[in-house]
């Protein structure tokens, strides 16, 4: 949805789909039946003083605020890429581990806040919020940042910016949401770094995974998208991870190449060919040209070497030495047209290229100048003529 790290939809993400359907369905039901909302209030005082431990389960799963439910659903949908990359069992183990750790962190942070500011925190926002915030830890560490565009020339918009904006919106939705966010980030960092072997202590057993695979997965499985190629969906987890990382590397290299190309266009380096300096625009072409002065012919001594043909490689090399101009070639490869690259055409093909440019509507003089400057590269010549 926000990042270009996977196919659209919930294919290969049954747990994410189940969380979205079940939790949002319960939120809608509680909105229509407000008399039952008291059972799902995340009340810390009721847990500690009245020993209502069941509120830890009910109050930390279902959102009572529709806005919190909407923002957390957007984040869960985007974080489905971790379920595809690591598998449903590891993704469920991460959510379970961070859910348990964040429950402890909520009480510790509430007690610390009361000790520092002498204010007792009674209620916290309800819902699966702390585990959602904990997913920002692997999202920040595992997903590469690729620039998409710039705002005002200085602010970079990346493929991860909208995700952080949604997280910021969720953070500012309630007064004590920052406590849940801090609890989730600490829990995600501890579980992701495997401190005290937490990944060996808090995980989904294999027998539970098998039961969910045969009972729950058929209910929440999604069909494969037919409008796109299933990239990163290998037969095993190792193949899936390798394909996904290869795709991310290709996207990162493409983004770096596009950024370098934009910087080159904005700040031309010295020594590169300046089209506008060598050739004026078409409306001013032919004006203010100095008159041609006859050049005195230098006295040449008879050479003992045999004459070279015009089309011989040695003659072209000698001509290229005297007419060499440093040119930056922006070569565009067209995968659907194997004959789109005309680099280094011999001089005998120039009339054909001139004829093609003339058929496009350019004058013969402009076509000759563009082909001479582009070393008979018809793509570069066409781009130059269209830009000028």
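Just so you know, glycine gets a Cβ as well, placed from its N, Cα and C.
Ranges compared are 15-33, 34-52, and TrEMBL records transmembrane segment for 15-33. Listed as Cβ neighbours of the transmembrane segment (15-33) (distance under 8 Å, sequence separation of 6 or more from its ends, same chain) are residues 40, 61-64, 66, 69, 73, 76-77, 79-80, 83, 88, 91-92, 127-128, 216, 219-222. Listed as Cβ neighbours of the transmembrane segment (124-141) (distance under 8 Å, sequence separation of 6 or more from its ends, same chain) are residues 19, 23, 40-42, 44, 59-65, 68-69, 72, 75-76, 79, 82, 94-95, 98-99, 102-103, 105-106, 110, 160, 163, 167, 170, 173-174, 176-177, 179-181, 183-185, 187-189, 191-192.
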